[in-house]
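Pulled from TrEMBL:
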- B:Leu22, B:Asp65, B:Glu70, B:Asp71, B:Arg90, B:Arg138, B:Val261: substrate binding site (BINDING)
- B:His166: active site, proton donor (ACT_SITE)
- B:Cys267: active site, nucleophile (ACT_SITE)
Amino acid sequence: MTTEVGSEAEVKKEAEKLEPDTAKEKPEEASESLENQKTEETEETQDSSSSPVPTSQSSPTSRKERDPSEGKGISRFLPPWLKKQKSYSIAEPKDEAKKKAEGDEHVEECERQLPEEVAELKGEAAAENHQTKTDDKEEEKHSVSSAETQPAKEDSKEIEVEKVTEEPEEKLEEETGKRETKEVQTTEIKMEKAPQKAPKKIKTVQCKVMLLDGTEYSCDLEKRAKGQVLFDRVCEHLNLLEKDYFGLLFYENSDQKNWLDSSKEIKRQIRNFPWLFTFHVKFYPPDPSQLTEDITRYFLCLQLRQDIVSGRLPCSFVTHALLGSYTLQAELGDYDPEEHNSDYISEFQFAPNQTKEMEDKVVELHKTHRGLTPAQADSQFLENAKRLSMYGVDLHHAKDSEGVDIMLGVCANGLLIYKDRLRINRFAWPKILKISYKRSNFYIKVRPAELEQFESTIGFKLPNHRAAKRLWKVCVEHHTFFRLISPEQPAKGKFLTLGSKFRYSGRTQAQTRQASNLIDRPAPYFERTSSKRISRSLDGAPVGITDQSLLRDLSATAAGPTGDEAAVLAKLKNGESREEDGSPIKSPPLELTQDGKNNSLKVDGENIYVRHSNLMLEDLDKTQDDLLKHQASISELKRSFMESTPEPRPNEWEKRRITPLSLQTQGKVGPRAEGPCSGARDADKSSHETLSVVEEKKRAEVGIEETVVINEINEGKIQVAIDGGEPCKVEQLSKKDSSSTSSESSSSSESEDEEVGEYQPYHRVTEDVIREEKEGNEDAKEVEGYTAKVVQCVESVIEGSKEKVSIGHAQVAEESLVEGNAVSGTPEEKSFTEEAKQDLREEREEEQLKINGDLSHIGIDVKPQIICCSEPPVVKTEMVTISDATQRTEISTKEVPIVQTETKTITYESPQLDGSAGGDAGVLLSAQTITSESVSTTTTTHITKTVKGGVSETRIEKRIVITGDADIDHDQALAQAIKEAKEQHPDMSVTRVVVHKETELAEEDEG
Amino acid sequence: RQGAAHHAVVRALPESVCQQALRVEKGGAVDFARAEREHQLYVGVLRHKLGLQVLELPADESLPDCVFVEDAAVVCEETALLTRPGAPSRRKEVTEAMKIALESLNLNVVEMTDENATLDGGDVLFTGREFFVGLSKRTNQRGAEILADTFKDYAVSTVPVHDSLHLKSFCSMAGPNLIAIGSSEGAQKALKTMQQMSDHRYDKLTIPDDAAANCLYLNIPNKGHVLLHRAPEEYPESAKVFEKLKDHMLIPIANIELQKVDGALTCCCILINKTSEL
């Protein structure tokens, strides 16, 4: 594993060089990030010159570049020897999985992990996002940042480079790759640098994909190909550029549909041959008029026609008729009395139960569409279809806590709960703090409602564990796609994780919109002849469920991958649709449990702090308790806003929905009224996605379900096994499970079979935040208040034998911009990764947007005052357990785990900040983050410039983390930090200081 | 278009309304003559001032509540759902006369035959985008389900209603995307529920008096937004709130007598807006 460092660093450099270059191509968009980047670079140079590290070009680079690879999480607090450990720990589960899947080659797999996969990748250049474990972070980070800045255009550059080195047979693949995001390209670059290996004998497998028009596409794929390869081929075949809305489905047990994960090998996902897939819309765009190309809309239409005919998308009679008439217009053109005799319509199916009356109505309406081009007819179709209440809602059968049958519907806006046809609850994404599953249970943790103090966790029972996981994944993907600017990093860097690390890895809607704005090609020609083609394909070809006529004729006999829909159809034939399972009427009280965890926290700042910690905990690891994570990382702060964010605001598309339809023209490009982001601002915002969060410790948990973890416990030097506190509801459950069903507890590391998974939807879309604030309700103000209080902090953390003091966020405000301060020492502690930087910058920015109403207060020089002090070292937390919906026995208990950690938080701040909530937001000019590091100190400096009411304000926030093995004089360190801050910015004032100290007691855990 | 209408169905009030109409709580006796005058004024506004084609059904003395036609049918676009009123004494209101009237307007009439279902039109709030159905003493889940099956294009969310007769006893649409909501705790709670359940964001108009929050909004060609609301003599504070709606043509309507038997402004008509040609 260590051998890869060299090549990695090299690659990294390469990527680095590339980035500014490519960024130049789109200066306006990239300017901000470029600026930041430059500053960072300068900073790094300065930094290294001031530290004992040699300033030669390569050495610092490689060090710095390697650091990020370790992730922004725990790892930076780890001594190097442990880091190595970490990379193994990550590799292991994967190997484990492989072993399971293949039943052999364990050792070989381990060894070839890096080089061979790389070689393989070369063969399938389009496979995005494939990285070896240790460097994946940096890769991703780069891909993110570059994707931000140059969404699509720069591709040609990379392609050229590749053509030099790649084998000719791969050209085709690369062509596909052209449309990929930067992610792919960085990978490719890396691969070039990676040691070349002679291609192995390639085994191929035939794949068949049912397309939306009822035809079948088949191709041979290398056995080890990733989902992305196939998906790209299909999209290429379809000539589809805006492909992020689509996906490939495969069926499990003929009725469970699963999305093919692009980032994983196909053979690990689909167990049986032949490989049969269905091309399907995965994310229904809430406003199809925002799609760039007509061809994309056409495929969406085909999907919707299928959805309608199968009954998945219920409509009224009139809507059936209207949509049907647009279908006719699109496929046949204007009504022609001569050509379109009475039965021209009979080859179409418009509804599950089509009547003569309906057909007459369709014809009648068809006549009124004279003059509409096919593209316009499709647009009209979509304008009407998108208003249907079940449009884009992915339904899952479940039971509530009382065992009542319900349906969970995942859509762009959140999670909908249906009982029969009725909507009985709805959880918009901003309301959901965490999504998790545990075996066959699915949980959502929601924000406290108004006037409520505690979050509640709501549990649902799915038919089985795979269904629960499927639902969870769909939720994660929908949230990411529709709510985030760019995807989150998968939590691969975690030291100890259990459960699924699954994250959505594709582009988000924001990214795909941005990318499609750059589509510059003549509108591709395509034929809208689905119905005819379908009828032809009836003679024998194993056609999927696709088209109307097919469905009509074949619904009873649909087989293979279409089983699911056939079943639905069969039901429909009986005049029932899926939702009408007709169970007794009973208002199902959803299970609500409240977390009692915050009860004991009375002090203002403290409270907030802990809340952050909780969040962070839940987020990064499932096995820790509240107190271990008292690092007030900015992301936590950010989350605290989010936590107190009021009711969800209307989404962009909601608003757009109201706006009249503008008929789409062929191949339209150029900026539209953009969604959550556009242009340069996007680029700047994109890093919101990173999961961020400074995690200072890793923990092990007793009874975790992955063997790897147990190994880790054996090897790890500083973990303390800890019983989960509040955020560990699920973990507590897992313990129970592991004691009761031990067979499951030891070996479930196979990737597709995780028992648990968690995901926390962070609502980082800045615009949302802004919008929310503008609405100006009390919640928002409250939020501001919080922020103001917690923004700045100086923290100290002592961990195990190491000790960390972090002094951060010594905030200063004035018209000066200062570079970060470096505390001298020997370089040992890891710096923030660049990701973290980005992240912080972003967060900072967001914060700024939230709170810059306060800035006017900040300029006043006030001596820090202590407003809150330490919390008890041992916190009792109450555990909440969700009862299983089917077994009516409550298994919830109250456990009071004792935390083997001492934490202490002291906050100093200017009193001004308190009253400073409110005020209007200024305009953010720039935000940047600078990180410097030395021996045991990491300093992160955030500089944000805003203009409010003509006055420009600069806010600097420093976060210093000191880690040490020996005792550190914290007071002195703090004093030093404050002094330095004051010296560096004499004309600014320190407004807030937070010290956080964390001491880990020992490993004497009984676990 | 929310509030668009060209037809209205109303029904004359029988004298039995004074003695036999259902009421939530005992109150003063209904002055029939005055009630009739108020109703005629109301119908006159619809017919003459707003130019709607008003179909007036004759009173039926055996149906004391028959003037409240809203409860008998839910009409949305070209579909009319004949309800199964929660009060057994009112079930006959739905039969013959009403059905014929609606069919005569070329509406696609759906009947609620399920004997387990109850639904009063007064519990159905159609916002133009979706339905909210109050689950009250008069309306149950099954009734709401049938409504959802009838109007498949729209989301149908249920809202528990505890303290009032109907969901629309304290709210109504007062404009496109604008919900008039009463100030009582129950009303506010219901509004929260509706907000939570909806993907859409509605504006709200908070009306001091719950009863006044039931107003009748119409969108009439050449007249624009029209709002029939309770007269200032009845609810001075609430009327002031309505007067802030600058874009609306405001028509104060007194409804003193029928209110004694739980009648509100929306109760006395069914608005029909067939997008005709469809």
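First residue shown is number 1, and so on along the chain.
Yeah, the Cβs are placed from backbone N, Cα and C, and that goes for glycine too.
Known features from TrEMBL, placed on the structure.
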residue	record	Cβ contacts under 8 Å, 6 or more apart
B:Leu22	substrate binding site	B:Pro64, B:Asp65, B:Ala87, B:Ser89, B:Arg90, B:Val261, B:Asp262
B:Glu70	substrate binding site	B:Gly121, B:Gly122, B:Lys168, B:Thr266, B:Cys267, B:Cys268, B:Cys269, B:Ile270
B:Asp71	substrate binding site	B:Asp65, B:Thr83, B:Pro85, B:Arg90, B:Glu93, B:Asp120, B:Gly121, B:Gly122, B:Arg138, B:Cys267
B:His166	active site, proton donor	B:Asp120, B:Gly122, B:Asp123, B:Gly134, B:Ser136, B:Arg138, B:Thr139
Largest tally of Cβ atoms lying within 10 Å of a Cβ, found at which of the recorded positions B:Val261, B:Cys267: B:Cys267
Conformational class of B:Asp71 (substrate binding site) under the three-state DSSP mapping: helix
B:Arg138 (substrate binding site) CB neighbourhood, other CB atoms within 10 A: 24
Candidate with the highest Cβ count within 10 Å, taken from the binding-site residues B:Asp65, B:Arg90: B:Asp65
Neighbours of B:Leu22, B:Asp65, B:Glu70, B:Asp71, B:Arg90, B:Arg138, B:Val261 excl. site residues, C-beta within 8 Å of centre, substrate: B:Ala21, B:Phe68, B:Pro85, B:Ala87, B:Glu93, B:Asp120, B:Gly122, B:Asp262, B:Cys267
